[in-house]
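Asks: Quick one: structure below, then a few questions.
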Amino acid sequence: MASLPVLQKESVFQSGAHAYRIPALLYLPGQQSLLAFAEQRASKKDEHAELIVLRRGDYDAPTHQVQWQAQEVVAQARLDGHRSMNPCPLYDAQTGTLFLFFIAIPGQVTEQQQLQTRANVTRLCQVTSTDHGRTWSSPRDLTDAAIGPAYREWSTFAVGPGHCLQLHDRARSLVVPAYAYRKLHPIQRPIPSAFCFLSHDHGRTWARGHFVAQDTLECQVAEVETGEQRVVTLNARSHLRARVQAQSTNDGLDFQESQLVKKLVEPPPQGCQGSVISFPSPRSGPGSPAQWLLYTHPTHSWQRADLGAYLNPRPPAPEAWSEPVLLAKGSCAYSDLQSMGTGPDGSPLFGCLYEANDYEEIVFLMFTLKQAFPAEYLPQ
């Protein structure tokens, strides 16, 4: 299977004096710009994460190219004595506030150490910007207020990674996907379950939603309309050789109908993070969904390789996912997607930031729906 033609493919973060992992991408439509985030690490190891870095990309519509500016450190996104991980950006379109959520972990304490000792030392943090990421606030530790007593019931937790979601409910609620390793048994290994952090007051206060099925880890959420109902669909990494999908009809508080989507394969033994977004359907008419879903993930069933895109034109139906189209051949891992409006061929435009070349670089891809799924795209 050959890789599809794309509008742009460019390396945004490259290993050298530092390694870069865990991409997160945010499109700001009013600015026609992208913010690409990643962890800067001393090496590829998780415990060698240090800071969160950012590159700004300006989309030039006449040339259909993104011009990337120099790399900068989000210096405020850290707690003293901690390393910053899992960048999760979110733009509140109603207030103009840009949030960057992340987790902070002391020194080089690993996830495995927290699972073995059953001692949770991870903190949930945010910084905010009111000038589209040019300057940032001091860090705010949300852990105690957002999690409360349940913190002691977890061995560790994380957010995202990747973009978060603002809903189209009356409150324009903010949703931050997450997962926690819960100590459900006094002796057995803690079990991971996905959930969401929720704010109904533009980030002033935060609540914790209920857990999805067990054995769900890194996840992302998207909002779709099904008839008269808005649904938040959650797509999670699992150890079960396939993705887990679940739906919420109360804005991410509760998730029902957790399903294993066998078409969305997970490479053994631990699976891999993936990205999901909704975007306006190119089809109109009675019975046509208002949004479709796009999902990116390694397509190889045995290893982290061959980045693919999957389309769901009847969301959130798990059986409606397409076969994948190949975005990039070879080694790949984590990715993050953004919808960027309309492309030069009149079909929806997407940006994808993904890990490539055995974690040696993080690459930006830009492509249209018509390039990826020509048979599916019908002009209005």
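The backbone N, Cα and C atoms fix where each Cβ goes, and this holds for glycine too.
The following feature annotations were taken from Swiss-Prot:
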- 20-23: motif 'FRIP motif' (MOTIF)
- Arg21, Arg41, Tyr179, Tyr181, Glu218, Arg237, Arg304: substrate binding site (BINDING)
- Asp46: active site, proton acceptor (ACT_SITE)
- 127-138: repeat 'BNR 1' (REPEAT)
- 197-208: repeat 'BNR 2' (REPEAT)
- Tyr334: active site, nucleophile (ACT_SITE)
- Glu355: active site (ACT_SITE)
Asks: Take the repeat 'BNR 1' (127-138) and find every residue of the same chain, 6 or more past its ends, with a Cβ under 8 Å from one of its Cβ atoms.
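Replies: Counting only partners 6 or more residues beyond its ends, the repeat 'BNR 1' (127-138) has Cβ contacts under 8 Å with 28, 31, 33, 35, 54, 56, 74-77, 96-100, 203.
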Asks: Which whole-number value in Å describes the distance between the Cα atoms of Tyr334 (active site, nucleophile) and Arg21 (substrate binding site)?
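Replies: Answer for this pair: 8 Å between alpha carbons.
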Asks: Could you measure between Arg304 (substrate binding site) and Asp46 (active site, proton acceptor) for me? Cα positions, answer in whole angstrom.
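Replies: On Cα coordinates alone, these residues lie 17 Å apart.
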Asks: Taking only C-alpha atoms and a 10 A limit, tell me which of Arg21, Tyr181, Arg237 are near the residue listed as 'active site, proton acceptor'. These are the binding-site residues.
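Replies: Hits: Arg21.
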Asks: Tell me the coarse DSSP state (helix, strand, coil) of Asp46 (active site, proton acceptor).
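Replies: Looking at the DSSP assignment, Asp46 (active site, proton acceptor) belongs to a helix.
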Asks: Here's one to test understanding: among the binding-site residues Arg21, Tyr179, Arg237, whose C-alpha is closest in space to the C-alpha of Glu355 (active site)?
Replies: Arg21
Asks: DSSP helix, strand and coil counts for the motif 'FRIP motif' (20-23)?
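Replies: Across the motif 'FRIP motif' (20-23), DSSP assigns the residues as follows: 0 helix, 4 strand, 0 coil.
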Asks: Let me check the 10 A CB neighbour count of Tyr181 (substrate binding site). How many other CB atoms are there?
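Replies: There are 23 of them.
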Asks: Given the model, what does the mean pLDDT over the repeat 'BNR 2' (197-208) come out as?
Replies: 98
